[in-house]
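Feature annotation from TrEMBL assigns active site, proton donor to His178. Positions annotated as active site, proton acceptor by TrEMBL: Glu309. If you look up TrEMBL, you'll see Asn83, Arg84, His178, Ala179, Tyr180, Asp245 marked as beta-D-galactose binding site.
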Amino acid sequence: MTEVTREVFGQMPQEEGGGVVEKFVLKSDSVKVEILSLGCIIAALETKDRDGNFSDVVLGFDTLEGYTRNHPFFGATVGRVANRIAKGRFTVEGKEYHLFLNDGPNSLHGGARGFDKVLWSPQVLPNGICFFRLSRDGEEGYPGDLKVWVTYTLSGEELAINYRAQTSKTTPISLTNHAYFNLSGQGSRDIYDHEISIKADSYLPVDDNKIPTGKVAAVQGTGFDLRQPVELGKHLQKFHLDGFDHNFCLQQASAQCLVARAHHPPTGRAMEVRTTQPGIQFYTGNNLDGSLKGKGAIAYRKHSAFCLETQNWPDAVNQLHFPSALLQPGEEYNHTTYFLFNT
């Protein structure tokens, strides 16, 4: 049985368009998750350790003000296109489109005012919450009126996120959630004692601007081979890696399949990820530098959290041998990702 409650979280500043931001709390015996109508943000996620003690395992802020300031997409739904588009431009049906550059020479996670920075319309469900918004033709430079639904449902230990979209013009789309996890509890110093595994035989090498080079490389014999669990800190040290910010290529399946697992031996907490998406971006919080203070005024430092973002491959709209990122009129974009929390 899932309990769903709602409350006012705050008021958006007038310069951000105003409007009331609501917080929705989904609660089962095993998991409690708090989701905002701003950006469909997962603001808190509490799960049990082996002794039955709950801790919040996602980074974020205690107040709305934190989320309306600049932050690295904590907990948010990002789109229209998650990840990077090289040089902020692409061509669809012979027309070139230009996007806002917010990541050096690239457009990242939807641009200047992506899906993470806008209010969504909520509908409470028996075991969750469905958010809707209409992204107008030309918003952030993208073509087509895009109707988008993001639905969170909680069943026991499993949180499911379903993404649906329909468009009036051919448009690129790739939606994901950008939660930052630390299974020892948010605010813990680092994630070096986490064990990580990703079921991927290949990954996408990137250039200095984090854009895929176009090559699909085998993980075998490299630091990107995470097919068996590795202790993260020792693994980074062994392969002289500064961290991960890479897309791992998944076996596409119509049914959900296990693609990644994180385990924190000291607490016993584990998180399994299942998805129908073709890729998963593994990011280890490399750009966190202690300047951001989150919940409880804790400074979030480098490698203090990880993200497992299920999505299409980065820059797929420009790299036509990648899985297609284009949604056509009359089609429906429909993907679900499942997070299972257990000990």
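Numbering starts at 1 and runs along the chain as displayed.
Cβ coordinates come from backbone N, Cα and C, glycine included.
In this structure the C-alpha atoms belonging to Arg84 (beta-D-galactose binding site) and Glu309 (active site, proton acceptor) are separated by 13 Å. The Cβ of Asn83 (beta-D-galactose binding site) lies under 8 Å from the Cβ of Leu108, His109, Ser174, Asn247, Gln281, Glu309, Gln311, Pro314, Asp315, each of which sits 6+ residues away along the same chain. The recorded positions in question are Arg84, His178, and the one with the fewest Cβ neighbours inside 10 Å is His178. Sequence-distant neighbours of Asp245 (beta-D-galactose binding site) (same chain, 6+ apart, CB under 8 A from its CB) are Val206, Lys210, Gln281, Phe282, Tyr283, Thr284, Asn286.
In the structure as shown, the Cβ atom of Tyr180 (beta-D-galactose binding site) sits within 10 Å of 25 other Cβ atoms. Using a 10 Å Cβ-Cβ cutoff, the residue listed as 'active site, proton acceptor' registers 23 neighbours. For Ala179 (beta-D-galactose binding site), the count of additional Cβ atoms within 10 Å of its Cβ stands at 26 [all protein chains shown]. Across the residues annotated as binding beta-D-galactose (Asn83, Arg84, His178, Ala179, Tyr180, Asp245), the two Cα atoms farthest apart lie 18 Å from each other.
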